[in-house]
């Protein structure tokens, strides 16, 4: 969708890049008093300054750079920044003009007035967690002695030691890199690449300018020995993050979880929104992202990985031979086994410091999608990486659960793993990535296969002097269109392949021709529907909604195609005619909520430019007009139906603010929660029925809305049960989403409501979209899951699609694939940009096929596997009892690990739990999922319904944080050196890591809890929160920034950086021990033993025991 900052209609630059979303995060002071917005004509005057210190984004004014590709039509780029972004300095003189927006956006933002505007609080997708690119477009390089991609230690032995502590219990795990000591004089990496420490095979970290060694795809064998490592081995950080016992060459600093650019570095004058290296950072010859300078010498491309034989030597454990290069081992001694059933009394038999835990990477990974004519495995979704598209699309747009495709269905079944794609077609790219190229084939439209309709891509093979081409999806041979013909070079490729984006890039965007349109592209329509029932007025929800809409109007895309409408509702529906000619807006009431109609359709939705001032006046007056409203009923379904009738001819976005249970009119609901309010005992067996819609009325309405391209987002601001299970059917079917503020607080929630609404309308997005995923012969899509409507089996209808939404496509074999061949997937998304251009975004991914089980485990993608686990678990909750769902999830994990133990690991001792290196954190995340909101028996029905909804369109980078949140200590922010990262080191989610005199922050991408220990220093509490004792902790909390107080500033910086990374404003809550808030905080300590679940150590023992029983 439009984001302030892109080209204005009539002034569209070529190629867009949605990341020039340059927003200066320091300006996010979450506490400034609200200022009434000024009315702004669309003349580029000053924008209203939104409340809570959030400012709208700047308009980078830019001369359009010339298109790098001869065939590319000039196209605007689009940019908006997700919550909270940093300005990037300009490229050095040699580089290209970088005024582009990111590759992934619905191209075409207005490149607004050259006025200087303060940037928004939170708005551009972060350089993901930890980007090294602080106000610079080029990466920081490690000292020249460091191994450029310190190898991930691939064979990991986790000692779950027996009853005697022995020499092993105390020594931290050491990892020895399998490189000659001479090259590793200064080790820079930490333990196994759980969250992407290091370059994951094939994507190297930024090395010194001259040399970029690349890793082979299979990591080199390396063992982690439990007794001290040999003195010459360069030791890295232990699994938990404490420095190793002896590190050659001085102590190794634990790497911070996420890096972020330093605050307060102003960009050089005249710079574009991002990127020159700061002083003191060695700049590689030429600009790293300049046209031709990617500093890789041809001879340094890594050779293909050596084949790993099916039966390698058994892993080393206490004097055994070295293990397979890709496995982790945990030894559980017989003494431990004997007491497995009982809760572990006395000292734990397993050393908790030796078990696998996530170690976030602090450095930016440079990822080339293909190398040496084969796909590179993607970096972890949760890591910070910069992609160079060399044929396969970026993993941001398309990720597969396994980076090699099993040749047969039997091999896949044996592995126990899922085969699925996670598709996020408009995902925000990293600000330093090249923009997606827009290609215009003119009247004829893009070249396609005449049989399967696949789009031209880098893997289609041209033959017969270029006169014909073979489709890589279905194998059919087509004639090359005459005007597209080109001779082949000696290597068999077309001579113009590197000049045509569609023949050398994994993702391109084609300009759609008339044949792709059923009607003229729709305008950008925004209709706001506000609950004014008694309850909504009393809790302050109506006032908060009106204030948020009033400020967001300034951020809607400029131009004659932007239309708006407003209605309010209680037990009747009130439309308003905000036309400029009238003295004041006219209210039109629709009393019939059973058989709804819309009055004077033409005057309800009007161009924004004609009614901006009237609209602002109306929004200021609505809370006063209804302040004495005594109507408690809400006609939610009828109001949506009436708004739909007004929008039917155009389609568009319907944004609904709802505070109470819909009780009258179409789709009225009853308080069925009473039968299962606690839903523990009798409710347990049937509890899942309360998570299903009460009836089919709203579903029928939703399908009708989707058919006419109306997308509904619902903002639920409530203090009671509203039956989200029934209400959410509408946003899910229409490609929208549910926002949930419970219990709504008029003090602390308006800031989040405003920021959520602002990101909703300004993020990159498209309208009236259709998506299809095509696969090579031998595979097909079994089903799609996400927020959409499906009319025919192969296509997904999306009234709207935005950069945050992901769709899962589960795959199945329909034939045998050939070992060593390549299997391709192509996602095509036809959509309309907010400026009314029809586009087709095509992303292609080609992966090799394998018939070896060990290769599947080596190339498993943990983040994507787990995201699929999570989505399948969430959909099961709707139809099965919770106990059964928890068992299914645990069995999925056990089956995968059992298959690996049985077929890929050859170990003589049965006392060892052996985990594949790529999936060693699967047990931890499975345990976290079992203990998550969605799978807990206690808790509110609405909370679980919202969780299920949130998961349905969740992207891979947010899946793990949802169940295994990030926790950091904030009481000692002043004393910590953060290694360039704003965010302190991550702490495991176990209460033994919490001290009574500490303050801890925990965030899962949606909520942020701050826990204050009972013995915390009153001075620290006063400086951070303005309270002097734990008894003064308020229920409703707004984070302030206290002047002359560095600790307070650091906390604000940390919170704002997390908001920027997550593209979400996060609700803040203070928690203390012995209080319900403290219990809420402790419920996230997933590694602890609880009433309803095992501790992490016990869960590993349980899994080990299950695997052993299967083995016997």
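Even glycines carry a Cβ here, placed using N, Cα and C.
Per TrEMBL, compositional bias 'Pro residues' is recorded for 1-16, 47-73, 111-130, 251-270. TrEMBL lists 20-33 with the feature compositional bias 'Polar residues'. Taken from TrEMBL, the feature compositional bias 'Low complexity' applies to 174-187, 238-250, 310-319. According to TrEMBL, the domain 'Zinc finger Sec23/Sec24-type' annotation covers 446-484. Positions annotated as domain 'Sec23/Sec24 trunk' by TrEMBL: 521-761. Taken from TrEMBL, the feature domain 'Sec23/Sec24 beta-sandwich' covers 766-850. Feature annotation from TrEMBL assigns domain 'Sec23/Sec24 helical' to 861-959. The annotation domain 'Gelsolin-like' is assigned in TrEMBL to 984-1052. The region 'Disordered' annotation in TrEMBL covers 1-319.
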Contact ranking winner - 446-484, 861-959, 984-1052 against the domain 'Sec23/Sec24 beta-sandwich' (766-850), Cβ under 8 Å: 446-484
Cβ contacts under 8 Å made by the domain 'Zinc finger Sec23/Sec24-type' (446-484) with residues that lie 6+ beyond its boundaries: 391, 439, 492-494, 497, 502-506, 510, 774-777, 822, 824, 826, 828, 840, 842, 844, 846
For the domain 'Sec23/Sec24 helical' (861-959), the mean pLDDT of the predicted model: 92
Helix, strand and coil totals (DSSP H, G, I; E, B; other) for the domain 'Gelsolin-like' (984-1052): 21 helix, 12 strand, 36 coil
Composition by DSSP (helix, strand, coil) of residues within the domain 'Sec23/Sec24 helical' (861-959): 69 helix, 5 strand, 25 coil
